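Shown next, in structure tokens, is the structure this report addresses.
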Amino acid sequence: MMSEKQSTSQSLPRPAAEAVKKPDSSWRRPIVVGLILSFYLLSKCTLLVDKVADSELNDEFNSPVHCPSQSPSLPNAEIEFTTPEGSIERWSESVTYPTVSYDDFGEPGVDKRYETFPPFYEFLKKSFPLLHSTLSHETVNKYGNFYEWKGSDSNLKPLILMAHNDVVPVPSDSLDRWDYPPFSGVIDKDGWVHGRGVGDCKNLLLSIYEVVESLIKDGFEPRRTIILSFGFDEEISGPEGAKYLSEHILNKYGEDSALAILDEGGVLDLESYDKPFALPAVKEKGYFDVKISVATAGGHSSVPKSHTSIGYLSKLIGRIEDQPHKPHLAYENPFTTHLQCIVQHSPDSLDEGLLKDLRDVRKWQDAADRIAERDLKERYLIQTSQAVDLIQGGVKVNALPELATAVVNQRIDVAGSVNEMKKHITELLKPYVENELNLNWIGFDNKSAPNDESNGSVKVETFGSPLDPAPNTPTSGKIWDTLVGTLKNVFGDELIVSPHLMNGNTDTRHYWKLTNNIYRFEAFDESLSRDIHTVNERVHKDAHIQSMTFLHQFIQQIDKVEA
């Protein structure tokens, strides 16, 4: 039966207008509805994807850089460590030998200032008789000390332990500001040992001597050969010491012949974070000095031109300082990895804004800017530094200076290179020199386009020995795991071992051909060391004991590694 509506609808006549049939557009409705539905679903999916992406980027485990795995603590080595009797006193006495290296050191054996080293070496021979009777010893380039403790298995690669005998000078005008004479080695009532070089690097140097002496005394016989390599001019980049020692080892063993190298570097940070951290440096920044020379016409100072050579040089220095390099978090920078270790293991140590930025790779530049603003030292772990350290010009107050020079030191970011630094200096200065100062430009290639109407010339050149950033040291595998496990054994399971970066350079710069496994690390609490390289340098005796304890364990543990 029809409904009332149906019946009425069909019985009524259509209006005249409906008598003409319209085109059927009903097919469009499902398409429009479908398009609307599609756009709706697409927008929802996009939001969902963004949420998932944000979730992943804010998860430290999905960061493009990861904190290395934390191996478990290793069991105690067979021979337990006990602090050798008299070790603190011997360390103190080592400071009394002023083994200073100078920037203008001459040839070893010719320059009389080297004569402070032989008495120190006699002290070492007297203090460590078992070491000197058991290990073979060679003197390299007059004052370098090479020791070899032969292992029983020649198939195992040797371990190289490094330190240096030299210390930085003490300016004579600072003597009245020292609490104790700088080469006195005084042990105060609180256990601090005072003096130049007590921290850099006689703490590590004497720790190695003490530990090897102790192990020999206790009957330890290594399977793996252990090499001790001690230079005498590390503080001036090791041109006569480490350079010759590394060549000696290369000639004897060949390239890639060492298992690992352990040298001075990072320390333990037990206070900055919620957990204790060990910070072995696994990479070093590069090094580049550029010398800038401005030459102009001389004459009497009563009739000067608008700018003297010193004036022009000042403008160039200002231009360099006004345009510093930018901070950034490079993937290959171990400090970036260290930051991720903090995010993963000690997030509450970071302020909320920095933590959020570090978890999102898209905000890493913001993180870099935050870090650079909050801490000067950390700024230069993620940025190339530049400092005008030397300047010279003029000989008389009433004579126009014909030549003015400056040297700019740059510590190159890990993602940079010496060639990039040359390019940067050229692009920064060359157009300015030629177009605004009207001076001839003589570049790093020693080429120029002479202009007879110029006001003079600017020459840029490499000063000293440049150095690209060091190769990366692995932070995984047997050697890294042994380092981590030993540190946890000595300092506790809670310790986080995090890769770090050296702002400066060590003697290891000469040893790159021997191994990729170069760990720059001294196992002591950084709060136990004060004022290195300056007035009142001092280190607490507990730091020395910590250093010895770690080395004693590490030598035994690395001896078990099959490599």
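Backbone N, Cα and C define each Cβ position, glycine as well.
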TrEMBL annotation (region 'Disordered') - matching range among 1-21, 169-189, 232-252: 1-21
Co-listed Zn(2+) 1-binding residue [TrEMBL; alongside Asp200, Glu235] among His424, His500, His510, His533: His533
Listed in TrEMBL for the Zn(2+) 2 site shared with Asp200, Asp263, one of His164, His194: His164
Zn(2+) 2 site shell beyond His164, Asp200, Asp263, criterion: Cβ within 8 Å of Cβ centroid: Met162, Ala163, Cys201, Leu204, Leu205, Glu234, Glu264, Thr506, Asp507
C-alpha spacing of Asp166 (active site) relative to Asp200 (Zn(2+) 2 binding site), in angstrom: 9
Listed in sequence order, residues with CB under 8 A of Asp166 (active site) and six or more positions away: Thr99, Val100, Ser101, Gly197, Gly231, Phe232, Asp233, Glu234, Glu235, Gly241
Chain-internal residues near Asp263 (Zn(2+) 2 binding site), provided their CB is under 8 angstroms and they sit 6+ positions away: Leu161, Met162, Ala163, Thr506, Asp507, Thr508, Ile518, Tyr519, Arg520, Phe521
